[in-house]
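Undergrad: The structure's right below; bear with me while I get my questions together.
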Amino acid sequence: MAANSSAVEDPIVKALQEYTTCDVSDALVKLNHPNGGFLPGITMWSPHRQDGPTKIVGPAYTVQYAPKDDERPKWPSHYIDSVPTGAVVFVTSSRSTSNALYGGLMSTRAKASGAVGSVIDGRFRDLQEQKDLDYPVFARDVGTTPPGSLLKVVAVNEPVRVGNDGQDIVINPGDYLVGDVNGVVALPKGLAEQALPLMAKQVEADSKMAVEIQKGMTFTEASKKFRS
């Protein structure tokens, strides 16, 4: 799914369109960013299940769910009505739950607002509806039960912590989220300008390596020649 015109106005978003999530992680590893920014366990579900050229790139619009007994008050309005054009909706919960955090009407509204996709750090539902919308959704799994009986939204467009799979990652509003068939990577906004030249250099080197390896050069030789 191509980024909309508003998102492309951000030069970082426009530049990131040229690279895969693997390219982004390679650059972040070189910058000593933990885990190369990879968000493990989150994969593409819509518009296709782990297949095709679908790619999302955009600044994170963050949403934090918490248990109903959390001391923080429930967010006074629905987060989905404030999604900026060009954003990637990122939804997480402070406690693991089997309830879905996100559904088809959320994608309907997000798409109408110009969002480029949604990343759910948990379950989502209405899978066929999502696919029919041709709207990109990346998530941990699917479910059927809505969140309202157990959870409430307590923060919108504030820093959120992702603590699943042994990771301890903070995603700030405006950090760049990049998703494709390989998974989802969070690129901190403050590292983006440093990371992009590293991506360009790595991709150029790997392209030259591929050509020579196809001609018979060993990987070790090609790596020494082009990556050193």
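Yeah, the Cβs are placed from backbone N, Cα and C, and that goes for glycine too.
Take a look at what TrEMBL says about it:
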- Gly103, Gly104, Leu105, Met106, Arg125: substrate binding site (BINDING)
- Asp126: Mg(2+) binding site (BINDING)
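Situate these features within the shown structure.
TA: A C-beta separation below 8 Å, combined with a sequence spacing of at least six in one chain, links Arg125 (substrate binding site) to Ala100, Tyr102, Gly103, Gly104, Val142, Gly143, Thr144, Thr145, Pro146.
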Undergrad: Any idea what the Cα distance is from Asp126 (Mg(2+) binding site) over to Leu105 (substrate binding site), rounded to a whole Å?
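TA: Computed Cα spacing between Asp126 (Mg(2+) binding site) and Leu105 (substrate binding site) is 9 Å.
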Undergrad: Around the recorded substrate site, report the further residues of that chain (criterion: Cβ within 8 Å of the mean position of the Cβ atoms of Gly103, Gly104, Leu105, Met106, Arg125; site residues excluded), sequence-ordered.
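TA: Sorted by sequence, the hits are Ala100, Tyr102, Ser107, Thr108, Phe124, Asp126, Glu129, Gln130.
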Undergrad: Over all pairs within Gly103, Gly104, Leu105, Met106, Arg125, the annotated substrate binders, what is the largest Cα to Cα distance, rounded to whole Å?
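TA: Value for the max Cα separation, rounded to a whole number: 10 Å.
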